[in-house]
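As structure tokens, the structure follows; a few thoughts come after it.
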């Protein structure tokens with residue numbers, strides 16, 4: 001079977017949920033027995049989002065092979081339950097840098113390097129590479145931003161050319177457009193959707209399907225009007241309405257026959273998607289019997305997207321305990337030893353996620369200290385693990401001024417130090433310890449029990465600093481347990497205090513591998529204990 005290509009674009013405005021549409025369609029097609037992969041095109045000039053501010057971009061999602069990517073890849077993985085790779089996120093910066101490198105090497109043999117054909121050819125190559133490296137039957141490529149944006153023009157042209165290159169039966173264009181709801185007048189307006197589809201046609205692409213983003217349902221008459229003006233079959237005009245839970249969306253799209261229309265267009269003979277298990281999960285999620293409050297102490301809490309995988313992993317873990325997770329967003333900059341009880345005291349558990357830089361670290365340390373002294377279930381992630389070690393060094397071992405070398409290069413007690421292979425690294429981007437690495441688990445530890453007594457777990461990392469092994473013996477003597485280490489025993493991966501209800505911190509990012517129907521084990525145990533603690 002020829003590889004099938006589905007392109008998801010957006011018009012009118014950005015942030016309409018194109019990624020959720022792509023992820024939901026991917027789940028439906030996977031449940032038809034098809035092998036699906038998904039890809040995100042980001043037209044910005046950064047090589048990747050690794051050095052971008054979380055306030056600008058939100059979370060950086062890390063793949064198994066160590067690519068720093070757009071947060072939409074997290075949605076793709078969680079919805080479809082697949083592991084993506086470095087070819088699943090392509091930026092203008094990445095493409096242009098590769099082309100310029102080739103030009104400097106003389107690989108274009110003296111040709112004038114241009115947007116067409118050189119940039120468009122490389123974009124088409126990236127699409128095909130993402131499909132071939134995963135042996136996918138179908139690749140869904142989402143283009144970030146809005147059709148008509150100056151920076152996205154080469155991407156749209158590459159998508160246009162794909163139809164002629166691989167055949168009309170192997171390509172489908174899905175355009176996501178907004179329907180404006182004027183609440184005061186009680187009216188729905190379609191002109192933005194019509195003009196957005198017209199703009200796509202001006203670039204040579206006729207949409208095969210429209211997905212209408214709306215707060216309220218659209219009438220059949222309005223659907224038919226949009227279909228006529230946009231030259232799309234009425235049955236291929238799909239509504240994507242606001243929902244209580246994101247995981248309802250695949251079911252809503254299936255109810256409108258979206259996946260069957262896609263299969264018909266692409267000449268795919270695939271059985272109907274069996275969504276029984278997914279539907280049962282959604283029913284469970286919408287009828288949780290318990291509630292648990294978790295304090296998330298972070299430095300980017302004004303933008304929840306900066307912690308989207310963390311919050312989703314907490315929710316997934318809550319599902320397994322039949323509990324809705326109520327997140328109390330606590331700005332680490334506001335936390336002190338004096339007010340920490342007021343800010344986190346009503347929480348049944350505390351999570352201290354990752355981050356970079358000095359701002360907010362003392363507040364995180366105060367929250368960790370509060371959790372340790374009051375036996376509140378605590379989970380530390382990445383920097384959260386490093387600061388767990390710093391707090392223990394200061395307040396249990398009595399090492400006044402102990403810190404991470406990253407945050408205080410003058411400290412007498414650098415309990416967190418730079419990794420040996422990072423000492424001479426000058427570039428910030430793409431140089432961290434990234435991707436999937438193993439952690440060997442200690443017998444009898446809380447971590448090993450959480451992971452069902454596995455000997456080794458593989459989890460994704462994103463860090464440059466590590467626990468300083470010069471202090472390991474002193475920590476162990478004081479009851480600090482190193483419950484997960486690298487197979488060569490050199491890198492600390494998990495730490496815990498065994499005399500607490502749950503006091504565990506890990507260097508890796510377990511949330512990146514959590515799924516709604518398969519929650520990550522460390523998060524699951526954390527929430528289970530927090531639910532018990534809230535009784």
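Using N, Cα and C of the backbone, Cβ positions are placed for all residues, glycine too.
The annotation active site, nucleophile is assigned in Swiss-Prot to 382. On its own chain, residue 382 (active site, nucleophile) has 353, 354, 355, 462, 463, 506, 507, 508, 509 as residues at least 6 apart in sequence with a Cβ closer than 8 Å to its own Cβ. Classification of residue 382 (active site, nucleophile) by DSSP places it in coil, neither helical nor stranded.
The feature active site is assigned by Swiss-Prot to 509 (among others).
All chains included, 30 other C-beta atoms sit within 10 angstroms of the C-beta of residue 511 (active site). According to Swiss-Prot, the feature active site maps to 511 (among others), an assignment based on sequence analysis.
All chains included, 7 other C-beta atoms sit within 10 angstroms of the C-beta of residue 150 (CTP binding site). Swiss-Prot lists 14, 149, 150, 151, 189, 190, 191, 192, 193, 194, 225 with the feature CTP binding site, giving sequence analysis as the kind of evidence.
Secondary structure at residue 189 (CTP binding site), taken from DSSP and collapsed to helix, strand or coil, is strand. Under the heading UTP binding site, Swiss-Prot lists 14, 189, 190, 191, 192, 193, 194, 225, citing sequence analysis as support.
Its Cβ placed at the centre, residue 15 (ATP binding site) has 11 other Cβ atoms within 10 Å. Positions annotated as ATP binding site by Swiss-Prot, on the basis of sequence analysis: 15, 16, 17, 18, 19, 20, 72.
The feature L-glutamine binding site is assigned by Swiss-Prot to 55, 355, 383, 384, 385, 386, 406, 464. According to its DSSP assignment, residue 406 (L-glutamine binding site) is coil.
For 72, 142, the entry in Swiss-Prot reads Mg(2+) binding site. Here residue 142 (Mg(2+) binding site) comes close to 8, 9, 18, 19, 22, 38, 39, 40, 41, 72: these same-chain residues lie at least six apart in sequence, with C-beta atoms under 8 angstroms from its C-beta.
Taken from Swiss-Prot, the feature domain 'Glutamine amidotransferase type-1' covers 293-535, and the record attributes it to sequence analysis. The predicted model assigns the domain 'Glutamine amidotransferase type-1' (293-535) a mean pLDDT of 95.
The region 'Amidoligase domain' annotation in Swiss-Prot covers 1-268.
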- Task: Can you check which residues sit near residue 225 (CTP binding site), meaning Cβ under 8 Å from its Cβ, same chain, 6 or more apart in sequence, and list them in order?
- Result: 190
- Message: Helix, strand or coil by DSSP: which one applies to residue 142 (Mg(2+) binding site)?
- Response: strand
- Just going by other Cβ atoms within 10 Å, which of the binding-site residues 16, 192, 193, 385 has the emptiest spot? 192
- Using all protein chains in view, find how many other C-beta atoms are within 10 Å of the C-beta of residue 18 (ATP binding site). 25
- Query: Of these recorded positions, 191, 464, 509, which scores lowest on Cβ atoms within 10 Å?
  - Reply: 191
- Reduced DSSP assignment, residue 17 (ATP binding site): coil
- Message: Rank the binding-site residues 72, 406 by how many other Cβ atoms lie within 10 Å of each Cβ and give me the one with the fewest.
- Response: 406
- Message: Quick check for the class: what is the C-alpha distance, in angstrom and rounded, between residue 511 (active site) and residue 384 (L-glutamine binding site)?
- Response: 13
